[in-house]
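A short worksheet on the structure shown next.
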(Lines of atoms letter the chains of each structure in order from A and count residues from 1; the text may use other names and numbers.)
(Lines give C-alpha, C1' and ligand atoms only; values in the text may rest on other atoms or scores of the structure.)
Protein backbone atom coordinates (compact mmCIF):
# COMPACT_ATOMS: atom_id res chain seq x y z
CA UNK A 1 0.00 0.00 0.00
CA UNK A 2 1.45 3.35 -0.99
CA UNK A 3 1.95 5.91 1.71
CA UNK A 4 0.23 9.23 1.38
CA UNK A 5 2.58 11.99 0.26
CA UNK A 6 3.09 14.86 2.66
CA UNK A 7 2.62 18.46 1.66
CA UNK A 8 6.36 19.24 1.82
CA UNK A 9 7.39 16.13 -0.24
CA UNK A 10 8.13 16.29 -3.91
CA UNK A 11 7.08 13.63 -6.40
CA UNK A 12 9.65 12.55 -8.99
CA UNK A 13 9.15 10.11 -11.91
CA UNK A 14 12.21 7.90 -12.40
CA UNK A 15 10.94 5.47 -15.03
CA UNK A 16 7.73 4.69 -16.93
CA UNK A 17 5.74 1.67 -15.64
CA UNK A 18 5.71 -1.45 -17.81
CA UNK A 19 2.54 -2.57 -19.53
CA UNK A 20 0.40 -5.24 -17.76
CA UNK A 21 0.86 -8.80 -18.97
CA UNK A 22 -1.67 -11.64 -18.46
CA UNK A 23 -0.04 -14.70 -16.94
CA UNK A 24 -1.65 -18.13 -16.54
CA UNK A 25 -1.16 -19.46 -13.02
CA UNK A 26 -1.98 -23.04 -12.07
CA UNK A 27 -3.42 -23.23 -8.53
CA UNK A 28 -1.66 -25.74 -6.32
CA UNK A 29 -0.98 -26.30 -2.66
CA UNK A 30 -2.84 -27.37 0.43
CA UNK A 31 -5.02 -24.25 0.52
CA UNK A 32 -6.27 -24.91 -3.00
CA UNK A 33 -6.83 -28.55 -2.05
CA UNK A 34 -8.90 -27.43 0.94
CA UNK A 35 -10.92 -25.13 -1.33
CA UNK A 36 -11.62 -27.96 -3.80
CA UNK A 37 -12.66 -30.22 -0.92
CA UNK A 38 -15.08 -27.60 0.43
CA UNK A 39 -16.58 -26.95 -2.98
CA UNK A 40 -17.16 -30.64 -3.69
CA UNK A 41 -18.86 -31.09 -0.32
CA UNK A 42 -20.75 -27.79 -0.62
CA UNK A 43 -19.55 -26.48 2.72
CA UNK A 44 -18.12 -23.15 3.78
CA UNK A 45 -14.67 -22.34 5.12
CA UNK A 46 -16.06 -22.00 8.62
CA UNK A 47 -17.45 -25.54 8.38
CA UNK A 48 -14.04 -26.79 7.21
CA UNK A 49 -12.45 -25.16 10.22
CA UNK A 50 -15.07 -26.81 12.42
CA UNK A 51 -14.22 -30.23 11.02
CA UNK A 52 -10.54 -29.60 11.55
CA UNK A 53 -11.29 -28.67 15.14
CA UNK A 54 -13.29 -31.91 15.51
CA UNK A 55 -10.40 -33.89 14.07
CA UNK A 56 -8.01 -32.22 16.46
CA UNK A 57 -10.35 -32.98 19.33
CA UNK A 58 -10.51 -36.59 18.15
CA UNK A 59 -6.74 -36.74 18.14
CA UNK A 60 -6.72 -35.49 21.68
CA UNK A 61 -9.27 -38.13 22.56
CA UNK A 62 -7.10 -40.83 21.00
CA UNK A 63 -4.64 -40.27 23.77
CA UNK A 64 -7.31 -41.19 26.28
CA UNK A 65 -8.71 -44.10 24.24
CA UNK A 66 -10.28 -46.77 26.39
CA UNK A 67 -10.84 -50.22 24.95
CA UNK A 68 -13.59 -52.64 25.89
CA UNK A 69 -12.28 -56.13 25.28
CA UNK A 70 -14.66 -58.58 23.70
CA UNK A 71 -15.67 -61.10 26.40
CA UNK A 72 -16.02 -63.91 23.86
CA UNK A 73 -12.99 -63.04 21.78
CA UNK A 74 -11.13 -66.31 22.44
CA UNK A 75 -14.18 -68.39 21.49
CA UNK A 76 -14.79 -66.74 18.13
CA UNK A 77 -14.81 -69.01 15.08
CA UNK A 78 -12.34 -67.72 12.47
CA UNK A 79 -14.37 -69.36 9.71
CA UNK A 80 -17.41 -67.32 10.72
CA UNK A 81 -15.55 -64.00 10.72
CA UNK A 82 -18.12 -62.37 8.40
CA UNK A 83 -20.83 -62.50 11.05
CA UNK A 84 -18.68 -61.07 13.83
CA UNK A 85 -18.84 -57.51 15.18
CA UNK A 86 -15.50 -56.06 14.06
CA UNK A 87 -15.78 -53.02 16.34
CA UNK A 88 -16.34 -55.30 19.33
CA UNK A 89 -13.38 -57.49 18.31
CA UNK A 90 -11.10 -54.43 18.36
CA UNK A 91 -12.63 -53.21 21.64
CA UNK A 92 -14.51 -50.22 20.11
CA UNK A 93 -18.18 -51.18 20.53
CA UNK A 94 -18.91 -47.84 22.20
CA UNK A 95 -17.51 -45.78 19.28
CA UNK A 96 -18.43 -47.92 16.30
CA UNK A 97 -18.87 -45.84 13.09
CA UNK A 98 -17.67 -42.70 14.92
CA UNK A 99 -14.25 -44.19 15.54
CA UNK A 100 -11.40 -42.56 13.59
CA UNK A 101 -8.72 -44.43 11.70
CA UNK A 102 -6.21 -43.41 14.33
CA UNK A 103 -8.36 -44.86 17.07
CA UNK A 104 -8.86 -48.07 15.07
CA UNK A 105 -5.09 -48.44 14.54
CA UNK A 106 -4.39 -47.73 18.19
CA UNK A 107 -6.99 -50.29 19.27
CA UNK A 108 -5.57 -52.84 16.85
CA UNK A 109 -2.07 -52.23 18.10
CA UNK A 110 -3.13 -52.65 21.69
CA UNK A 111 -5.04 -55.87 21.11
CA UNK A 112 -2.30 -57.32 18.92
CA UNK A 113 0.24 -56.76 21.67
CA UNK A 114 -1.96 -58.77 23.94
CA UNK A 115 -3.30 -61.54 21.73
CA UNK A 116 -0.55 -62.12 19.17
CA UNK A 117 0.26 -65.83 18.82
CA UNK A 118 3.96 -65.21 19.54
CA UNK A 119 3.10 -63.42 22.78
CA UNK A 120 0.77 -66.15 23.88
CA UNK A 121 3.18 -68.85 22.84
CA UNK A 122 5.93 -67.20 24.87
CA UNK A 123 3.55 -67.15 27.80
CA UNK A 124 3.08 -70.90 27.45
CA UNK A 125 -0.36 -70.84 25.88
CA UNK A 126 -1.34 -73.54 23.37
CA UNK A 127 -1.55 -72.04 19.86
CA UNK A 128 -3.77 -73.40 17.05
CA UNK A 129 -1.84 -73.69 13.83
CA UNK A 130 -2.86 -71.88 10.62
CA UNK A 131 -5.95 -69.70 10.21
CA UNK A 132 -7.93 -71.60 12.83
CA UNK A 133 -6.70 -69.42 15.65
CA UNK A 134 -9.02 -66.70 16.92
CA UNK A 135 -6.31 -64.13 16.09
CA UNK A 136 -7.55 -64.48 12.51
CA UNK A 137 -10.74 -62.66 13.64
CA UNK A 138 -8.61 -59.71 14.78
CA UNK A 139 -6.79 -59.70 11.46
CA UNK A 140 -10.11 -59.70 9.54
CA UNK A 141 -11.47 -56.88 11.74
CA UNK A 142 -8.53 -54.56 11.06
CA UNK A 143 -8.62 -55.55 7.40
CA UNK A 144 -12.28 -54.49 7.11
CA UNK A 145 -12.17 -51.37 9.26
CA UNK A 146 -8.94 -49.96 7.86
CA UNK A 147 -10.27 -50.05 4.28
CA UNK A 148 -12.79 -47.16 3.76
CA UNK A 149 -14.77 -49.11 1.14
CA UNK A 150 -15.02 -52.31 3.18
CA UNK A 151 -15.73 -50.36 6.37
CA UNK A 152 -18.53 -48.47 4.60
CA UNK A 153 -20.01 -51.78 3.48
CA UNK A 154 -19.83 -53.14 7.05
CA UNK A 155 -21.31 -49.92 8.54
CA UNK A 156 -24.24 -50.23 6.12
CA UNK A 157 -25.25 -53.51 7.77
CA UNK A 158 -24.29 -52.54 11.33
CA UNK A 159 -25.81 -55.34 13.46
CA UNK A 160 -26.49 -52.93 16.33
CA UNK A 161 -28.47 -50.46 14.19
CA UNK A 162 -32.21 -50.24 14.95
CA UNK A 163 -34.20 -50.38 11.66
CA UNK A 164 -37.60 -50.29 13.33
CA UNK A 165 -40.24 -47.68 12.39
CA UNK A 166 -42.63 -46.34 15.07
CA UNK A 167 -46.34 -47.01 14.60
CA UNK A 168 -48.98 -44.32 14.18
CA UNK A 169 -50.41 -44.99 17.62
CA UNK A 170 -47.00 -44.39 19.21
CA UNK A 171 -46.43 -41.24 17.13
CA UNK A 172 -49.78 -39.68 17.97
CA UNK A 173 -49.21 -40.02 21.71
CA UNK A 174 -45.80 -38.29 21.83
CA UNK A 175 -44.70 -37.32 18.34
CA UNK A 176 -41.48 -35.44 18.98
CA UNK A 177 -40.19 -37.83 21.68
CA UNK A 178 -40.80 -40.85 19.42
CA UNK A 179 -39.72 -39.64 15.99
CA UNK A 180 -36.85 -37.25 16.82
CA UNK A 181 -34.37 -40.00 17.81
CA UNK A 182 -35.49 -42.18 14.87
CA UNK A 183 -34.72 -39.46 12.32
CA UNK A 184 -31.42 -38.65 14.06
CA UNK A 185 -30.52 -42.33 13.94
CA UNK A 186 -31.33 -42.70 10.23
CA UNK A 187 -29.66 -39.42 9.27
CA UNK A 188 -26.28 -41.23 9.35
CA UNK A 189 -27.21 -42.82 6.00
CA UNK A 190 -27.68 -39.48 4.23
CA UNK A 191 -25.23 -38.54 1.50
CA UNK A 192 -25.65 -34.92 2.59
CA UNK A 193 -24.25 -34.05 5.99
CA UNK A 194 -26.02 -31.92 8.53
CA UNK A 195 -29.61 -32.43 7.32
CA UNK A 196 -32.50 -30.51 8.88
CA UNK A 197 -33.76 -31.57 12.29
CA UNK A 198 -37.33 -32.53 13.18
CA UNK A 199 -37.79 -29.27 15.05
CA UNK A 200 -40.41 -28.39 17.65
CA UNK A 201 -44.06 -27.50 17.78
CA UNK A 202 -43.12 -23.84 17.21
CA UNK A 203 -41.23 -24.52 13.97
CA UNK A 204 -42.30 -22.42 10.99
CA UNK A 205 -43.97 -23.79 7.89
CA UNK A 206 -40.77 -23.29 5.86
CA UNK A 207 -38.73 -25.31 8.35
CA UNK A 208 -41.23 -28.17 8.43
CA UNK A 209 -41.56 -28.16 4.64
CA UNK A 210 -37.76 -28.19 4.28
CA UNK A 211 -37.53 -31.14 6.69
CA UNK A 212 -40.08 -33.31 4.85
CA UNK A 213 -38.70 -32.30 1.44
CA UNK A 214 -35.27 -33.50 2.57
CA UNK A 215 -36.58 -36.87 3.76
CA UNK A 216 -38.96 -37.44 0.83
CA UNK A 217 -35.95 -36.89 -1.47
CA UNK A 218 -33.61 -38.77 0.84
CA UNK A 219 -30.33 -39.83 -0.82
CA UNK A 220 -28.93 -42.81 1.10
CA UNK A 221 -25.36 -44.03 0.73
CA UNK A 222 -26.22 -47.28 2.46
CA UNK A 223 -25.30 -50.30 0.36
CA UNK A 224 -25.43 -54.04 1.06
CA UNK A 225 -22.42 -55.54 -0.66
CA UNK A 226 -21.22 -56.92 2.68
CA UNK A 227 -24.15 -59.36 2.66
CA UNK A 228 -23.22 -60.89 -0.69
CA UNK A 229 -23.67 -64.65 -0.40
CA UNK A 230 -21.05 -65.42 -3.04
CA UNK A 231 -17.59 -63.98 -3.44
CA UNK A 232 -16.49 -63.52 -7.02
CA UNK A 233 -12.82 -64.07 -6.05
CA UNK A 234 -13.67 -67.72 -5.43
CA UNK A 235 -14.99 -68.19 -8.97
CA UNK A 236 -13.09 -70.70 -11.05
CA UNK A 237 -13.83 -69.09 -14.43
CA UNK A 238 -15.01 -65.87 -15.99
CA UNK A 239 -18.59 -67.08 -16.59
CA UNK A 240 -18.97 -68.12 -12.98
CA UNK A 241 -17.61 -64.75 -11.85
CA UNK A 242 -20.15 -62.97 -14.06
CA UNK A 243 -22.97 -65.10 -12.70
CA UNK A 244 -21.88 -64.30 -9.12
CA UNK A 245 -21.78 -60.55 -9.92
CA UNK A 246 -25.26 -60.74 -11.42
CA UNK A 247 -26.65 -62.52 -8.34
CA UNK A 248 -24.98 -60.03 -6.02
CA UNK A 249 -26.32 -57.02 -7.94
CA UNK A 250 -29.83 -58.40 -7.81
CA UNK A 251 -29.67 -59.03 -4.04
CA UNK A 252 -28.18 -55.56 -3.42
CA UNK A 253 -30.89 -53.90 -5.51
CA UNK A 254 -33.60 -55.79 -3.62
CA UNK A 255 -32.16 -54.79 -0.21
CA UNK A 256 -31.74 -51.18 -1.40
CA UNK A 257 -35.38 -51.12 -2.48
CA UNK A 258 -36.48 -52.48 0.90
CA UNK A 259 -34.34 -49.86 2.63
CA UNK A 260 -35.91 -47.00 0.64
CA UNK A 261 -39.37 -48.39 1.32
CA UNK A 262 -38.51 -48.41 5.03
CA UNK A 263 -37.40 -44.77 4.87
CA UNK A 264 -40.52 -43.81 2.92
CA UNK A 265 -42.74 -45.60 5.44
CA UNK A 266 -40.99 -43.75 8.25
CA UNK A 267 -41.52 -40.37 6.57
CA UNK A 268 -45.17 -41.12 5.67
CA UNK A 269 -45.93 -42.23 9.21
CA UNK A 270 -44.29 -39.14 10.67
CA UNK A 271 -46.11 -36.85 8.22
CA UNK A 272 -49.48 -38.37 9.06
CA UNK A 273 -48.85 -38.06 12.82
CA UNK A 274 -47.19 -34.63 12.79
CA UNK A 275 -49.42 -32.21 14.73
CA UNK A 276 -47.80 -29.29 12.93
CA UNK A 277 -49.08 -30.53 9.58
CA UNK A 278 -52.58 -30.67 11.00
CA UNK A 279 -52.14 -27.17 12.39
CA UNK A 280 -50.85 -25.86 9.04
CA UNK A 281 -53.75 -27.48 7.20
CA UNK A 282 -56.23 -25.91 9.60
CA UNK A 283 -54.53 -22.55 9.18
CA UNK A 284 -54.57 -22.93 5.41
CA UNK A 285 -58.23 -23.92 5.52
CA UNK A 286 -59.02 -20.93 7.73
CA UNK A 287 -57.06 -18.67 5.39
CA UNK A 288 -58.92 -19.99 2.36
CA UNK A 289 -62.25 -19.63 4.17
CA UNK A 290 -61.32 -16.06 5.07
CA UNK A 291 -60.33 -15.34 1.47
CA UNK A 292 -63.54 -16.96 0.24
CA UNK A 293 -65.58 -14.96 2.74
CA UNK A 294 -63.79 -11.75 1.80
CA UNK A 295 -64.31 -12.52 -1.88
CA UNK A 296 -68.00 -13.25 -1.27
CA UNK A 297 -68.38 -10.01 0.69
CA UNK A 298 -66.60 -8.07 -2.05
CA UNK A 299 -68.83 -9.70 -4.65
CA UNK A 300 -71.89 -8.94 -2.53
CA UNK A 301 -70.83 -5.31 -2.19
CA UNK A 302 -70.20 -5.15 -5.91
CA UNK A 303 -73.64 -6.61 -6.62
CA UNK A 304 -75.21 -4.22 -4.15
CA UNK A 305 -73.43 -1.33 -5.83
CA UNK A 306 -74.57 -2.55 -9.24
CA UNK A 307 -78.11 -2.96 -7.92
CA UNK A 308 -77.99 0.53 -6.45
CA UNK A 309 -76.76 1.97 -9.75
CA UNK A 310 -79.41 -0.03 -11.62
CA UNK A 311 -82.14 1.20 -9.29
CA UNK A 312 -80.88 4.75 -9.71
CA UNK A 313 -80.93 4.34 -13.48
CA UNK A 314 -84.41 2.83 -13.33
CA UNK A 315 -85.58 5.69 -11.13
CA UNK A 316 -84.05 8.24 -13.50
CA UNK A 317 -85.62 6.45 -16.48
CA UNK A 318 -88.96 6.33 -14.67
CA UNK A 319 -88.82 10.05 -13.90
CA UNK A 320 -87.80 10.80 -17.50
CA UNK A 321 -90.61 8.60 -18.80
CA UNK A 322 -93.12 10.25 -16.48
CA UNK A 323 -91.88 13.63 -17.62
CA UNK A 324 -92.21 12.60 -21.28
CA UNK A 325 -95.65 11.14 -20.63
CA UNK A 326 -96.68 14.30 -18.84
CA UNK A 327 -95.40 16.41 -21.72
CA UNK A 328 -97.11 14.13 -24.22
CA UNK A 329 -100.31 14.25 -22.18
CA UNK A 330 -100.24 18.02 -22.02
CA UNK A 331 -99.47 18.18 -25.75
CA UNK A 332 -102.34 15.78 -26.42
CA UNK A 333 -104.66 17.84 -24.23
CA UNK A 334 -103.56 20.96 -26.01
CA UNK A 335 -104.06 19.31 -29.39
CA UNK A 336 -107.42 18.01 -28.24
CA UNK A 337 -108.43 21.47 -27.11
CA UNK A 338 -107.32 22.95 -30.41
CA UNK A 339 -109.14 20.19 -32.26
CA UNK A 340 -112.27 20.79 -30.21
CA UNK A 341 -112.00 24.49 -30.89
CA UNK A 342 -111.53 23.82 -34.58
CA UNK A 343 -114.35 21.28 -34.55
CA UNK A 344 -116.66 23.76 -32.87
CA UNK A 345 -115.62 26.46 -35.30
CA UNK A 346 -116.26 24.14 -38.28
CA UNK A 347 -119.59 23.11 -36.79
CA UNK A 348 -120.47 26.75 -36.27
CA UNK A 349 -119.50 27.70 -39.83
CA UNK A 350 -121.41 24.69 -41.24
CA UNK A 351 -124.49 25.66 -39.25
CA UNK A 352 -124.08 29.22 -40.41
CA UNK A 353 -123.84 28.08 -44.03
CA UNK A 354 -126.91 25.86 -43.67
CA UNK A 355 -128.86 28.68 -42.00
CA UNK A 356 -127.90 31.22 -44.64
CA UNK A 357 -128.82 28.87 -47.47
CA UNK A 358 -132.04 27.93 -45.74
CA UNK A 359 -132.96 31.58 -45.33
CA UNK A 360 -132.45 32.05 -49.08
CA UNK A 361 -134.58 28.90 -49.65
CA UNK A 362 -131.45 27.23 -51.05
CA UNK A 363 -131.49 29.67 -53.96
CA UNK A 364 -134.31 27.68 -55.64
CA UNK A 365 -137.87 28.34 -56.63
CA UNK A 366 -139.15 24.78 -56.78
CA UNK A 367 -139.08 22.02 -54.19
CA UNK A 368 -136.96 19.69 -56.35
CA UNK A 369 -134.32 22.35 -56.94
CA UNK A 370 -134.36 23.16 -53.23
CA UNK A 371 -133.71 19.49 -52.32
CA UNK A 372 -130.93 19.21 -54.88
CA UNK A 373 -129.26 22.38 -53.62
CA UNK A 374 -129.66 21.11 -50.07
CA UNK A 375 -127.64 18.00 -51.01
CA UNK A 376 -124.99 20.18 -52.61
CA UNK A 377 -124.80 22.34 -49.49
CA UNK A 378 -124.35 19.24 -47.34
CA UNK A 379 -121.60 18.12 -49.69
CA UNK A 380 -119.90 21.50 -49.20
CA UNK A 381 -120.20 21.12 -45.43
CA UNK A 382 -118.51 17.72 -45.59
CA UNK A 383 -115.72 18.60 -48.04
CA UNK A 384 -114.75 22.22 -47.29
CA UNK A 385 -112.22 23.11 -44.63
CA UNK A 386 -112.59 25.80 -41.96
CA UNK A 387 -110.95 28.63 -43.93
CA UNK A 388 -113.02 27.89 -47.02
CA UNK A 389 -116.22 27.82 -44.99
CA UNK A 390 -115.33 31.12 -43.28
CA UNK A 391 -114.58 32.79 -46.62
CA UNK A 392 -117.85 31.48 -48.11
CA UNK A 393 -119.88 32.64 -45.08
CA UNK A 394 -118.32 36.10 -45.25
CA UNK A 395 -119.33 36.38 -48.91
CA UNK A 396 -122.88 35.17 -48.15
CA UNK A 397 -123.22 37.57 -45.24
CA UNK A 398 -122.39 40.67 -47.28
CA UNK A 399 -123.64 39.73 -50.78
CA UNK A 400 -127.07 39.70 -52.34
CA UNK A 401 -129.05 36.59 -53.14
CA UNK A 402 -127.80 36.37 -56.69
CA UNK A 403 -124.19 36.91 -55.69
CA UNK A 404 -124.56 34.39 -52.86
CA UNK A 405 -126.05 31.84 -55.25
CA UNK A 406 -123.21 32.38 -57.71
CA UNK A 407 -120.62 31.94 -54.93
CA UNK A 408 -122.27 28.76 -53.68
CA UNK A 409 -122.60 27.31 -57.20
CA UNK A 410 -118.96 28.12 -57.93
CA UNK A 411 -117.87 26.33 -54.76
CA UNK A 412 -120.12 23.38 -55.63
CA UNK A 413 -118.56 23.08 -59.06
CA UNK A 414 -115.06 23.04 -57.56
CA UNK A 415 -116.01 20.34 -55.06
CA UNK A 416 -117.71 18.20 -57.75
CA UNK A 417 -114.69 18.56 -59.99
CA UNK A 418 -112.45 17.38 -57.17
CA UNK A 419 -114.73 14.41 -56.48
CA UNK A 420 -114.82 13.47 -60.15
CA UNK A 421 -111.04 13.61 -60.30
CA UNK A 422 -110.73 11.29 -57.29
CA UNK A 423 -113.29 8.89 -58.80
CA UNK A 424 -111.42 8.78 -62.10
CA UNK A 425 -108.20 8.02 -60.26
CA UNK A 426 -109.88 5.12 -58.43
CA UNK A 427 -111.24 3.73 -61.67
CA UNK A 428 -107.83 3.92 -63.30
CA UNK A 429 -106.22 2.23 -60.33
CA UNK A 430 -108.83 -0.53 -60.41
CA UNK A 431 -108.32 -1.08 -64.10
CA UNK A 432 -104.55 -1.19 -63.59
CA UNK A 433 -105.02 -3.80 -60.86
CA UNK A 434 -107.23 -5.92 -63.12
CA UNK A 435 -104.70 -5.65 -65.93
CA UNK A 436 -101.90 -6.67 -63.61
CA UNK A 437 -104.00 -9.58 -62.37
CA UNK A 438 -104.69 -10.79 -65.88
CA UNK A 439 -101.04 -10.36 -66.89
CA UNK A 440 -99.66 -12.21 -63.86
CA UNK A 441 -102.32 -14.93 -63.65
CA UNK A 442 -101.34 -18.15 -65.46
CA UNK A 443 -103.55 -21.18 -66.18
CA UNK A 444 -106.37 -20.91 -63.69
CA UNK A 445 -104.82 -17.99 -61.74
CA UNK A 446 -106.11 -15.01 -63.76
CA UNK A 447 -109.49 -16.29 -64.96
CA UNK A 448 -112.18 -18.62 -63.90
CA UNK A 449 -112.43 -17.29 -60.33
CA UNK A 450 -116.09 -17.09 -59.44
CA UNK A 451 -117.54 -15.94 -56.15
CA UNK A 452 -117.59 -19.50 -54.76
CA UNK A 453 -113.87 -19.94 -55.48
CA UNK A 454 -113.04 -16.59 -53.88
CA UNK A 455 -114.99 -17.50 -50.76
CA UNK A 456 -113.35 -20.92 -50.70
CA UNK A 457 -109.91 -19.26 -50.98
CA UNK A 458 -110.70 -16.89 -48.09
CA UNK A 459 -111.88 -19.83 -45.98
CA UNK A 460 -108.75 -21.88 -46.80
CA UNK A 461 -106.46 -18.96 -45.92
CA UNK A 462 -108.17 -18.71 -42.53
CA UNK A 463 -108.10 -22.49 -41.99
CA UNK A 464 -104.38 -22.76 -42.75
CA UNK A 465 -102.68 -19.70 -41.19
CA UNK A 466 -99.09 -18.59 -41.67
CA UNK A 467 -96.61 -21.14 -40.29
CA UNK A 468 -98.39 -24.18 -41.75
CA UNK A 469 -95.96 -26.56 -43.43
CA UNK A 470 -96.23 -26.18 -47.25
CA UNK A 471 -99.08 -23.76 -46.64
CA UNK A 472 -99.91 -22.73 -50.20
CA UNK A 473 -99.74 -26.30 -51.52
CA UNK A 474 -102.17 -27.31 -48.74
CA UNK A 475 -104.53 -24.43 -49.64
CA UNK A 476 -104.40 -25.29 -53.36
CA UNK A 477 -105.16 -28.95 -52.63
CA UNK A 478 -108.02 -27.97 -50.30
CA UNK A 479 -109.58 -25.81 -53.04
CA UNK A 480 -109.20 -28.56 -55.65
CA UNK A 481 -111.05 -30.94 -53.33
CA UNK A 482 -113.94 -28.59 -52.48
CA UNK A 483 -114.25 -26.36 -55.56
CA UNK A 484 -117.43 -26.74 -57.70
CA UNK A 485 -115.99 -24.99 -60.76
CA UNK A 486 -113.78 -27.92 -61.73
CA UNK A 487 -110.71 -25.69 -62.18
CA UNK A 488 -107.44 -27.13 -60.88
CA UNK A 489 -105.43 -24.55 -58.97
CA UNK A 490 -101.70 -24.62 -58.30
CA UNK A 491 -99.87 -23.05 -55.41
CA UNK A 492 -98.68 -20.24 -57.70
CA UNK A 493 -102.30 -19.51 -58.79
CA UNK A 494 -103.46 -19.36 -55.20
CA UNK A 495 -100.59 -17.04 -54.15
CA UNK A 496 -101.25 -14.63 -57.06
CA UNK A 497 -104.99 -14.49 -56.33
CA UNK A 498 -104.39 -13.95 -52.61
CA UNK A 499 -102.05 -11.05 -53.41
CA UNK A 500 -104.63 -9.55 -55.78
CA UNK A 501 -107.30 -9.79 -53.10
CA UNK A 502 -105.03 -7.91 -50.73
CA UNK A 503 -104.60 -5.12 -53.32
CA UNK A 504 -108.38 -4.63 -53.77
CA UNK A 505 -109.92 -1.46 -52.40
CA UNK A 506 -112.11 -1.73 -49.29
CA UNK A 507 -115.32 -1.22 -51.27
CA UNK A 508 -114.67 -4.23 -53.45
CA UNK A 509 -113.72 -6.37 -50.45
CA UNK A 510 -116.91 -5.35 -48.69
CA UNK A 511 -118.87 -6.27 -51.81
CA UNK A 512 -117.29 -9.75 -51.91
CA UNK A 513 -117.99 -10.31 -48.22
CA UNK A 514 -121.55 -9.09 -48.60
CA UNK A 515 -122.23 -11.48 -51.48
CA UNK A 516 -120.69 -14.33 -49.54
CA UNK A 517 -122.91 -13.58 -46.54
CA UNK A 518 -126.01 -13.40 -48.72
CA UNK A 519 -125.13 -16.75 -50.27
CA UNK A 520 -124.54 -18.31 -46.86
CA UNK A 521 -127.84 -16.94 -45.56
CA UNK A 522 -129.68 -18.17 -48.62
CA UNK A 523 -128.23 -21.68 -48.32
CA UNK A 524 -129.01 -21.98 -44.62
CA UNK A 525 -132.45 -20.35 -44.53
CA UNK A 526 -134.11 -21.74 -47.68
CA UNK A 527 -135.36 -25.15 -46.56
CA UNK A 528 -137.54 -27.20 -48.96
CA UNK A 529 -141.19 -27.47 -47.83
CA UNK A 530 -141.01 -31.24 -47.97
CA UNK A 531 -138.82 -31.35 -44.89
CA UNK A 532 -140.36 -28.50 -42.86
CA UNK A 533 -142.04 -30.93 -40.54
CA UNK A 534 -139.23 -33.48 -40.54
CA UNK A 535 -137.52 -34.43 -37.32
CA UNK A 536 -133.90 -33.26 -36.89
CA UNK A 537 -131.35 -35.94 -37.75
CA UNK A 538 -128.89 -37.29 -35.25
CA UNK A 539 -126.10 -35.37 -36.95
CA UNK A 540 -127.67 -31.88 -36.88
CA UNK A 541 -130.29 -32.02 -34.17
CA UNK A 542 -130.72 -29.18 -31.71
CA UNK A 543 -130.36 -25.43 -32.25
CA UNK A 544 -128.29 -23.63 -34.86
CA UNK A 545 -125.29 -23.77 -32.49
CA UNK A 546 -122.64 -21.27 -31.47
CA UNK A 547 -121.20 -19.39 -34.48
CA UNK A 548 -118.26 -17.94 -32.47
CA UNK A 549 -114.80 -19.17 -33.50
CA UNK A 550 -113.23 -21.96 -31.48
CA UNK A 551 -110.70 -20.85 -28.87
CA UNK A 552 -107.50 -22.67 -27.99
CA UNK A 553 -108.94 -23.94 -24.70
CA UNK A 554 -112.08 -25.27 -26.40
CA UNK A 555 -109.91 -26.99 -29.03
CA UNK A 556 -107.87 -28.70 -26.28
CA UNK A 557 -111.04 -29.81 -24.46
CA UNK A 558 -112.47 -31.23 -27.71
CA UNK A 559 -109.27 -33.17 -28.48
CA UNK A 560 -109.16 -34.57 -24.94
CA UNK A 561 -112.82 -35.59 -25.13
CA UNK A 562 -112.25 -37.36 -28.47
CA UNK A 563 -109.45 -39.38 -26.82
CA UNK A 564 -111.53 -40.09 -23.70
CA UNK A 565 -114.63 -41.28 -25.59
CA UNK A 566 -113.63 -43.55 -28.54
CA UNK A 567 -115.88 -44.44 -31.49
CA UNK A 568 -117.59 -47.39 -29.81
CA UNK A 569 -118.74 -45.29 -26.80
CA UNK A 570 -122.56 -45.10 -26.46
CA UNK A 571 -123.94 -41.54 -26.87
CA UNK A 572 -120.42 -40.44 -27.71
CA UNK A 573 -121.20 -36.97 -29.09
CA UNK A 574 -123.50 -36.08 -26.17
CA UNK A 575 -120.63 -36.84 -23.74
CA UNK A 576 -118.16 -34.89 -25.88
CA UNK A 577 -120.53 -31.90 -25.96
CA UNK A 578 -120.84 -32.07 -22.15
CA UNK A 579 -117.03 -31.98 -21.86
CA UNK A 580 -116.79 -28.75 -23.93
CA UNK A 581 -118.72 -25.88 -22.24
CA UNK A 582 -120.69 -23.42 -24.38
CA UNK A 583 -120.65 -25.90 -27.32
CA UNK A 584 -123.48 -28.12 -28.52
CA UNK A 585 -123.33 -31.56 -30.06
CA UNK A 586 -123.78 -30.01 -33.52
CA UNK A 587 -120.85 -27.60 -32.93
CA UNK A 588 -118.56 -30.46 -31.88
CA UNK A 589 -119.52 -32.61 -34.89
CA UNK A 590 -118.99 -29.70 -37.31
CA UNK A 591 -115.62 -28.89 -35.77
CA UNK A 592 -114.57 -32.53 -35.99
CA UNK A 593 -115.51 -32.62 -39.68
CA UNK A 594 -113.48 -29.45 -40.32
CA UNK A 595 -110.45 -30.93 -38.53
CA UNK A 596 -110.69 -34.12 -40.59
CA UNK A 597 -110.82 -32.10 -43.82
CA UNK A 598 -107.84 -30.00 -42.72
CA UNK A 599 -105.78 -33.10 -41.94
CA UNK A 600 -106.66 -34.71 -45.28
CA UNK A 601 -105.77 -31.54 -47.17
CA UNK A 602 -102.43 -31.22 -45.37
CA UNK A 603 -101.54 -34.85 -46.05
CA UNK A 604 -102.44 -34.56 -49.73
CA UNK A 605 -100.40 -31.35 -50.09
CA UNK A 606 -97.42 -32.89 -48.31
CA UNK A 607 -97.59 -35.93 -50.60
CA UNK A 608 -97.59 -33.65 -53.63
CA UNK A 609 -94.59 -31.70 -52.31
CA UNK A 610 -92.71 -34.95 -51.62
CA UNK A 611 -93.48 -36.23 -55.14
CA UNK A 612 -92.19 -32.96 -56.66
CA UNK A 613 -88.99 -33.14 -54.61
CA UNK A 614 -88.36 -36.72 -55.81
CA UNK A 615 -88.74 -35.62 -59.41
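Just so you know, the numbers here start at 1 and follow the chain as drawn.
In case you wondered, yes, glycine gets a Cβ from its N, Cα and C as well.
Per TrEMBL, compositional bias 'Acidic residues' is recorded for 49-66.
Residues or ranges marked as compositional bias 'Basic and acidic residues' in TrEMBL: 67-78. Outside the compositional bias 'Basic and acidic residues' (67-78), and at least 6 residues removed from its termini, the chain residues within Cβ reach (under 8 Å) are 84-85, 88-94, 107, 110-111, 115, 131-134, 136-138, 140.
Feature annotation from TrEMBL assigns compositional bias 'Low complexity' to 428-439.
Residues or ranges marked as domain 'J' by TrEMBL: 85-158.
As annotated by TrEMBL, domain 'Myb-like' applies to 542-596.
The domain 'HTH myb-type' annotation in TrEMBL covers 549-600.
Sequence annotations record features per position, and here TrEMBL assigns domain 'SANT' to 550-600.
The region 'Disordered' annotation in TrEMBL covers 47-78 (among others).
Long-range contacts of the region 'Disordered' (320-343) within its own chain (CB-CB distance under 8 A, at least 6 residues past either end) are made by residues 386. The region 'Disordered' annotation in TrEMBL covers 320-343 (among others).
Residues or ranges marked as region 'Disordered' by TrEMBL: 419-447 (among others).
Residues annotated as region 'Disordered' in TrEMBL: 521-548 (among others).
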Average pLDDT across the domain 'Myb-like' (542-596), rounded to a whole number: 82
Structural state census, the compositional bias 'Basic and acidic residues' (67-78) (DSSP three-state): 4 helix, 0 strand, 8 coil
